[in-house]
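Per TrEMBL, the feature domain 'Cyclic nucleotide-binding' maps to 11-131. Marked as domain 'HTH crp-type' by TrEMBL: 145-218.
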Ligand code: CMP
């Protein structure tokens, strides 16, 4: 199970079994309870992490205390490499949204492992490039899209990664409070609640505690455009 999850991530996809085993053996396991912080923005750090079970939120806090969420990451996803490739402090605070299990690898071990393995380095570049692409999309959406459009897009992204298709729609157990959803789309909780209530009244989705059931994917996709 853990191996299947690791195999999906950028570090492991291209590895043969022997290399995968060698890399796995230099990693150690860490567990957090829901709400616990792994590290804070501004900390120094020398490890990267892969989520093997659960979910984390990556957040930043403004000088007046407001919070913005950069991303929600789940099984197979990696973080903590920016402070290696661009040496400096941690660029975000990482908090467990559910009980979460990680594997960690020291930056030093990663650099040693990358020596002579260009395909693995390419996998990491791919991940960095796709994050930059996504960050550009998020910045453009903040300027060009309205809040309901951003909410629809965020829910579809969560559905892609955490959704489970059933007869009545796609069940997305995102584990986020409405406050956290608002922080993820960069809007107030009231505006996000209004957008969600509007989608629900149109029959596009059903709201449940810390989850939604998307019943009309097509309309949600059109609203997210
Ligand atoms: P680091 O700065 O070491 O610690 C925080 C990590 O969050 C960072 O490395 C990245 O791995 C990750 N991260 C930062 N910004 C984003 C983003 N926009 N999307 C996804 N992950 C990010």
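Note that Cβ sites are derived from N, Cα and C of the backbone, with glycine treated the same way.
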Mean per-residue pLDDT computed across the domain 'Cyclic nucleotide-binding' (11-131): 92
Helix, strand and coil counts within the domain 'Cyclic nucleotide-binding' (11-131) (DSSP): 35 helix, 41 strand, 45 coil
The domain 'HTH crp-type' (145-218), counted residue by residue under DSSP: helix, strand, coil: 39 helix, 16 strand, 19 coil
